[in-house]
Amino acid sequence: MSFRLTSLVHASTPSESESESEYPGSGRDPEAVPEDLESGKPEMSSVNYMARAQWLRAAVLGANDGLVSVASLMIGVGAVNQTARAMLVSGMAGLVAGACSMAIGEFVSVYAQYDIQVAQMKRESSRSSNGDCSNGRREKKEESLPNPLLAAGASALAFALGAMLPLLAGGFIKAWGVRVGAVCAASSVGLAGFGTVGAILGGADPAKSALRVLLGGWLAMLVTYGVLRLFGLAFNMQVSSS
C-alpha cells in the first residue's frame, strides 16, 4: 500500500526537465539579460548623461559665450561707430580677450579642483593600512585627475570658434545695415545650433534648449546696442560712418 502511494506521488510530481519545459521562466539564468516584456528585446543600459555634463558644459558654454560676447560687442560698437573697421577691430579684440579670459579662468578653476583632489588622496593614503589596495586605488584616482592645461586650451578654443561666426559673417561688409543684419542672422543660427547640439548630447529637449539659448543671445545683443546707443546720445557722441 505504501509502495503504491509512493509510486503515485512520484508519478504525479513533474520532473525538473518537464517543469522547465512547461514553465520556461522557472529556471531562468540569474546572469541572463533581462527582456522587455512588451517588445521581447533585451533592455539596453541607459546612457550616462551625467558623465558628459562637465565637458559638455565647458564646450557649449565656451562657444556660446564667444558668439554672444563678440556679436554683442560688434553691434554695440556699431551703435556709435558705423564703420566696418571699427566693428571688425572690436570683434577681434573681443575674441582675443575673451579666449584669454576663458583660458585663465578655466585653468585657475580646474587647478583648484586638482589641488583639492590630490590633498584628499594624500589624506586617504595616510589613513590606509593595506598598501597594495591603497596603491591600486591611488593609481585609478590619479588617472581621473583633471588636466588644467587641457581644460584651459579647450575653453579658449571653444570661445574662439564661437566668436569667429559673427566676426566672419559681418566684419567685412561695408554697408552698416547689411553688416548688422548679417551679424544678427549668423549669431541666431549659431545660438540655435549650439542649443540644439547641447540638448541632444545631454539628453534634453532640443527645441526648448535652442529657444532658451536663442532668446538669451537676442536679449544680450539688444541690451548692448541699447546701452551703447543711449550712452552715445547722453554724451553727444556723433555716429561715425566714414
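Keep in mind that glycine also has a Cβ here, set from the backbone N, Cα and C atoms.
For 1-42 (among others), the entry in TrEMBL reads region 'Disordered'.
The feature transmembrane segment is assigned by TrEMBL to 58-80 (among others).
As annotated by TrEMBL, transmembrane segment applies to 86-112 (among others). When Cβ-Cβ distances below 8 Å are used as the criterion, the transmembrane segment (86-112) is approached by residues 58, 62, 65-66, 69-70, 73-74, 76-78, 146-149, 151-160, 163-164, 166-167, 170-172, 179, 183, 240 of the same chain, each at least six residues removed from its ends.
Residues annotated as region 'Disordered' in TrEMBL: 123-145 (among others).
If you look up TrEMBL, you'll see 135-144 marked as compositional bias 'Basic and acidic residues'.
Below 8 angstroms of C-beta separation, residues 55, 58-71, 74, 88, 91-92, 94-95, 98-100, 102-107, 109-111, 114, 183, 186-187, 190, 194 of the same chain, each at least six residues beyond the ends of the transmembrane segment (147-168), sit close to that stretch. If you look up TrEMBL, you'll see 147-168 (among others) marked as transmembrane segment.
Under the heading transmembrane segment, TrEMBL lists 180-201 (among others).
Per TrEMBL, transmembrane segment is recorded for 213-235 (among others).
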Same-chain residue ranges lying at least 6 outside the transmembrane segment (213-235) that approach it to Cβ under 8 Å: 64, 67-68, 71-73, 75-80, 184, 187-188, 191-192, 194-195, 198
Within-chain partners of the transmembrane segment (58-80) [C-beta distance under 8 Å, separation at least 6 from its ends]: 86-87, 90-91, 93-95, 98-99, 102, 106, 151, 154-167, 170-171, 176, 179-180, 183-184, 186-187, 190-191, 194-195, 197-198, 213, 216-217, 220-221, 223-225, 227-229, 231-232, 237, 239-240
